Amino acid sequence: MNFKGRMATALSVSILGLTAPIAADAQNVLRWTSQGDALTLDPMSQNEGPTNAMNGTIYESLVSRNPSLELVPELAESWEPGPDGWTFKLREGVKFHDGADFTAEDVVFSFERAMAESSDFKEQAKNVASVEVIDDHTVKLVTDGPNPILANQLTSIMMVDKGWAEANDIVTPQNYAADEETYAVRNANGTGPFMVESRAPEELTVLVANPDWWGKDEFPGNLDRIEYRPISNAATRVAALLSGEVDFVLDPPLQDLERLRAADGLKVETVAQIRSIFFGMDQGIDTLRSSNLEENPFKDQKVREAFNLAIDREAIKRVAMEGLSFPTAMITPPGVMGNTPELDEPYGYDVERAKSLMEEAGYADGFSVQLDCPNDRYINDEAICQAAVSMLARIGVDVQLDAIPKAQHFPKIQNRTSDFYMLGWGVPTLDSHYVFSYLLAKDGSWNATGYDNERVNEITQLITTETDLEKRAALIDEAWQIVREEMPYLPLHHQVIAWAMSEDFDIPIAADDALRPRYVVKK
Amino acid sequence: MLLFILKRLAQSFLVMAVVSAISFSLFNFVGDPVNNMVGQDATREQRVEIREKLGLNDPILTQYARFVGNALQGDFGLSYRIRRPVDDLIMERLPATIELVFVSAIIALVFGIGLGVYTGIKRNSWISRAVLSISLVGVSLPTFIIGISLIYLFAVILRWLPSSGRGGTVDLGWWTTSLLTVDGWRSILLPAITLSLFQMTLILRLVRAEMLEVMRTDYIKFARARGLSDRSIHFVHALRNTLVPVITVIGLNIGALIAFSVITETVFQWPGTGLMFIQAVNFVDVPIMAAYLVFVALLFVFINLIVDILYFVVDPRIRLGG
């Protein structure tokens, strides 16, 4: 075909393409936006919120969570814990989008793929030592010893078709150092309710309903088509919703919520997020790096308590968070096993008491320290830190604020080079073990506080194998009591998320900030 | 002329080498990409291992040498963020940016020169005064504010134009264009106006000042005395002599248009290279940042070369002197 001919074909194709949306008007279409696109369609290559949410619409896991974050069966119909592993009964008659059957073989393959060197889900997958096939629709996930919360740890491990992966040379997820794009980055073949119709990364991703999906009659959702276009600028996102170009914004800025509530035909939903914001204080090191003192005042529990009492969390909520936060004394939010109202009760705000504690500790004149803070990671993170600086000044502590992009902030925590830092923590397993093992255990990879309590370390180990759930809950509670007492962290609040949407839709908000299209109803 | 171009080319290579070296050394201060590449679950050992694999622990000079070596072979590596080849990504995004810059350059030129000539000749009419006052807005307001204001006016309140994105694209196989459909024009209009405003004002004021100057010269008076038509005096004799400084400024500013397009593209979610660059910076996506900066440097060098050649064409004195 000559050039003119090619152009004519391209034009006619595109004109056909232009007419398609008109036909789609008759269907239930959800057009939505948020800040960032999924990074890849490979379900094991990037463990990142938006990516997991997108892939969770196309692919499915054995066990999943509904919008209230309760465990629900997905590709497994039922499961049975045992001393050396859990047995899962797989759903029968499930097909991948390309028509292949979903069987026990695919489960084995998917776990192997998730455990691969290049997988970003190794940490979750390593809870499973191996997968035994019992029959075509029964598998046993073998564990090293008893694991009481295995089901919680499986919700982000998606099932991939073995045959499809082998045919397309994507048996393992893409390697970091690879020099070629793999097939799975832009192509997907799951068992989920939606299939990829087209994908232009960072521009537009169109998903269409899977007509053969097993759950069609079991879920309330009635969408035929989802059009997702990321918009990185917050004001533009809000404008797109106000102008009716999109039906749903996942992450409207807090300061615009009132305006969106007031707009005709729009509504805003809020829920406490599974993410807590807190400051860490390095009490392990002998001399603080950024202080005028020769010693480390954070080693003294009185100083940590004074810091906790000097922070007016209600004021932060009012001034920095537009009223949308839950002040707390815990570094993990309600919804996570281990959080109780008693433990979550904030320490209270008492500057006089804080001052006398500082005096008792021998720091009546205060000291100086640097606060490391991200400025592009959590809701109004920099504003929170600024507020904290002036509050700590009241007890004589001279805090220098260093608010920098997350790409520079997190390495400071990773490399243990910060004295005093802001961190937020979400809990995908909804179990305290996730918090203990990363933030409180001595060797936790995000524990930059140097906190090392023998009993807490021990409990972190014990609850991995304690199958008596009552005993386990008591252990978790004991550890949290110790933490509340010793205050290795300075908890601020649990974040609140807000979703803004057209009144034509029922979109159940979820505390993990993930859209679950199978529950979305167009009225 | 050929010698002149060759000399310029040699200088350009030097500029490119320096620019890329400096920008590359700056990447060290942007942050650690690995933290963005793995989930929070990843252990410290895994992070160290990935740094090692990507060669991020090597001295910056080694990294730079590796980058240049690969780049000379046309290999810019794989984006850390979306794991796709960087040259593919840039080629995919380039049409959007070029069309945006092209349309806004046309707007800036047509309105800038047109209004510049008008305000230069009819200095005291109220239209000239109004144009000049309004044009102050163009220079004094940041692109970001202008963009958001236009979105609120035309997309939210009037609902005439889409607020963001690049609608109605047509894929010609080697180029995706939004200039062939009504939808495409609707979506390019706001970002193009936003982007052009600053340049338009600049050109307008420059042309006006030059016109005022030229209109006072003897040869214009003489032309008038010869009884030439106003039209011929204004557009043939006067405008032509204002063009040398204008071309210089326009040439440099087409580069600036591409640079400013970073902000405009972010506000309008225009899927061009500028938006890609911002996203890369947030993620510390070194391969994309490096390739983009080399690309921009190349562009500036190329534009300057064209400008130099245009001098030859427009101003005979340079031809004689060279």
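Glycine is treated like the rest: Cβ placed from N, Cα and C.
What TrEMBL lists as domain 'ABC transmembrane type-1' is B:94-311.
Annotation source TrEMBL lists transmembrane segment at B:12-30 (among others). Listed by sequence, the residues of this chain that lie at least six past the ends of the transmembrane segment (B:12-30) yet keep a Cβ under 8 A from its Cβ atoms are 60, 63-64, 67-68, 281, 284, 286, 289-290, 293-294, 297-298, 301-302, 304-305.
Cβ atoms under 8 Å from those of the transmembrane segment (B:96-118) belong to residues 127-128, 131, 135, 166, 176-179, 188, 191-196, 199-208, 211, 234-235, 239, 246, 250, 253-254, 257-258, 261, 264-265, 270-274 of the same chain, restricted to positions at least 6 beyond its ends. Taken from TrEMBL, the feature transmembrane segment covers B:96-118 (among others).
Taken from TrEMBL, the feature transmembrane segment applies to B:130-158 (among others).
Distant neighbours of the transmembrane segment (B:188-207): 99-101, 103-105, 107-109, 111-113, 115-117, 119-120, 131-132, 135-139, 143, 146-147, 150-151, 154-155, 161, 163, 166, 178-179, 239, 242, 245-246, 249-250, 253, 256-257, 260-261, 264-265, 267-268, 270; these residues of the same chain sit at least 6 beyond its ends, with a Cβ under 8 Å from one of its Cβ atoms. For B:188-207 (among others), the entry in TrEMBL reads transmembrane segment.
Long-range contacts of the transmembrane segment (B:243-268) within the same chain, counting only residues at least 6 positions beyond its ends with a Cβ under 8 Å from a Cβ of the stretch, are 96-97, 100-101, 104-105, 108-109, 113, 142-144, 147-148, 151, 163-165, 190-191, 194-196, 198-199, 202-203, 206-207, 210, 274-275, 277-278, 296, 299-300, 303-304, 306-307, 310-311, 314-315. Sequence annotations record features per position, and here TrEMBL assigns transmembrane segment to B:243-268 (among others).
Taken from TrEMBL, the feature transmembrane segment covers B:288-314 (among others).
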